[in-house]
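Here is what TrEMBL records for this protein:
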ACT_SITE  Y131  active site, proton donor
ACT_SITE  F406  active site, proton acceptor
BINDING   A90, T91, V92, R98, R99, G100, L101, L102, K103  acetyl-CoA binding site
DOMAIN    11-157  domain 'N-acetyltransferase'
Amino acid sequence: MGAEVCDGSGLRVLALEPGRWDSFCETLTWHTGAPAKPRAAWAPMREVVDYDRSMLAYDGEEVVGTMAAFPLRVTTPGGASVAATGLTMATVRPTHRRRGLLKTMLRRQADEAYAQGEPLVLHTVTDPGVYRTIGTGCATRQMSVVIDTARPGLSVPESADAVVLRLVDPESALERCEAVYARKVPGRPGMLSRQPGWGRLLIGSPGAGAPVLYCVTSEQEGEFTGYARYSVDADVVEVLDVEALDSASYAALWRFLAELHLTSRVSACNRPLDDPLLHLAPDTRQCKATVSDSLYVRLIDVGKALQARTYTHPLDVVLDVVDAFCPWNAGRWRLSGDAKGASCTRTSDPAELSLSSAELAGAYLGGVGLRALAGAGKVRELRRGALAEASAAFRGDLAPWLPFGF
Ligand SMILES: CC(=O)SCCNC(=O)CCNC(=O)[C@H](O)C(C)(C)COP(=O)(O)OP(=O)(O)OC[C@H]1O[C@@H](n2cnc3c(N)ncnc32)[C@H](O)[C@@H]1OP(=O)(O)O
């Protein structure tokens, strides 16, 4: 990545050199006012960051902007695994804000992704309104759930009694946990495959004062079938993650968490909106759930992106896309697809639905209905019936979900 002058005042954007990782992390902490972390806490990220695509912005010799990039693969509806750069840790020094620096960095990312044939970029963001200005849409939501375990226990199927649970050191079980996770990834849109360093990064490094992380694993007939990782804070079980290959193991793991001695609540901050967990509680009000936005998607190449997923019902529709930030996407596209595959090509046929790239990105993984967006005036139906057809075809059976932050 070469240098670029941002606004004629000497600002430059350069690729992050590997030797500057520590200063990158310290700068972003300083820019956001977040509590400082020791260098060791950031170290595992070194292994998974894409240095060529990560950026530092300079004013003279002074660093005034940061953006980290991670090479990721995301599951789309239908189970395809699509390469996509994940962008995060985007900060601009308070003295340099509102001068277009973030937009310059995102412009570089979009151009580079397009040149490399990547159909999407992914974002986790702290200010969605700012990212909306470049056409990103919120494509997944997550549920934070607190279960009152002082009330009746979870109602698990009898098959859970045959599941063998073991309490193990998270590090020693890491490889087997990652293998289970990898098998889950194609099954739900929004899930990211993890390159080796990510697993290590998630469980963190034990440090003085850090809560102890436990891992309970499940087995059936000698086969490793799942895991839950958690810590305990007073009477609350704080769940990091739970994955299982079958419903009996899943129920057994949650029952274990709910029955830990001297605890009265289980708190899991990131679960899919349609988590079967909600159906394990005998009393619906035992689970207090709150929903928040999670993964943001920017469609870099509308044609390639819409072809990289399948559609729940047969669909043939002409979309008129409004896209100021990636103008190569703007205009009409004929999208034809079904549960087996899709084609999306340029057309001069009359438009049947009109929407912005941000709305299309929000609906892309199947979590947001086009009809709901139309109800808010964000999608216009130009052929009667096109909205209902497209909305049903875009939606899927499972809620898309981003299982871990990047
Ligand atoms: C998940 C993570 O990224 S972790 C990092 C956490 N990040 C932070 O805590 C960020 C703290 N804030 C910042 O660093 C900066 O304010 C940023 C990165 C959000 C914005 O950087 P800037 O360089 O100021 O943004 P830039 O000038 O490029 O503006 C981009 C667009 O957002 C809009 N915008 C920027 N800041 C604001 C704001 N505070 N309020 C409303 N709109 C805003 C701009 O108007 C512009 O839109 P436009 O082109 O349509 O006018």
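Glycine is no exception: its Cβ is also placed from the backbone N, Cα and C atoms.
Where the annotation comes from TrEMBL, it is an automatic prediction and has not been curated.
Here the features listed in TrEMBL are painted onto the structure.
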| residue | record | DSSP (3 states) |
| --- | --- | --- |
| A90 | acetyl-CoA binding site | strand |
| R99 | acetyl-CoA binding site | coil |
| Y131 | active site, proton donor | helix |
| F406 | active site, proton acceptor | coil |
Measuring Cα to Cα, tell me the gap between A90 (acetyl-CoA binding site) and Y131 (active site, proton donor) in whole angstrom.
-> 11
Residues among the recorded positions K103, Y131, F406 that border ligand 1 - Cβ under 6 angstroms, in sequence order | K103
Per-state residue totals over the domain 'N-acetyltransferase' (11-157) - DSSP helix, strand, coil | 47 helix, 50 strand, 50 coil
Cβ-based neighbourhood (8 Å from the centroid) of the acetyl-CoA site, residues A90, T91, V92, R98, R99, G100, L101, L102, K103 excluded | A57, G65, H96, R97, T104, M105
CA-CA within 10 A of the residue listed as 'active site, proton donor', subset of binding-site residues V92, R99, K103 in residue order, equals K103
Integer Å distance between the CA atoms belonging to F406 (active site, proton acceptor) and R99 (acetyl-CoA binding site) = 26
Farthest-apart CA atoms of A90, T91, V92, R98, R99, G100, L101, L102, K103, residues recorded for acetyl-CoA, distance in Å = 15
Fewest Cβ neighbours within 10 Å, where candidates are the binding-site residues V92, L101 | V92
Rounded Cα distance in angstrom between K103 (acetyl-CoA binding site) and F406 (active site, proton acceptor) is 20
Cα distance (Å, whole number) from the residue listed as 'active site, proton acceptor' to V92 (acetyl-CoA binding site) | 19
A90 (acetyl-CoA binding site): tally of other CB atoms within 10 A of its CB = 25
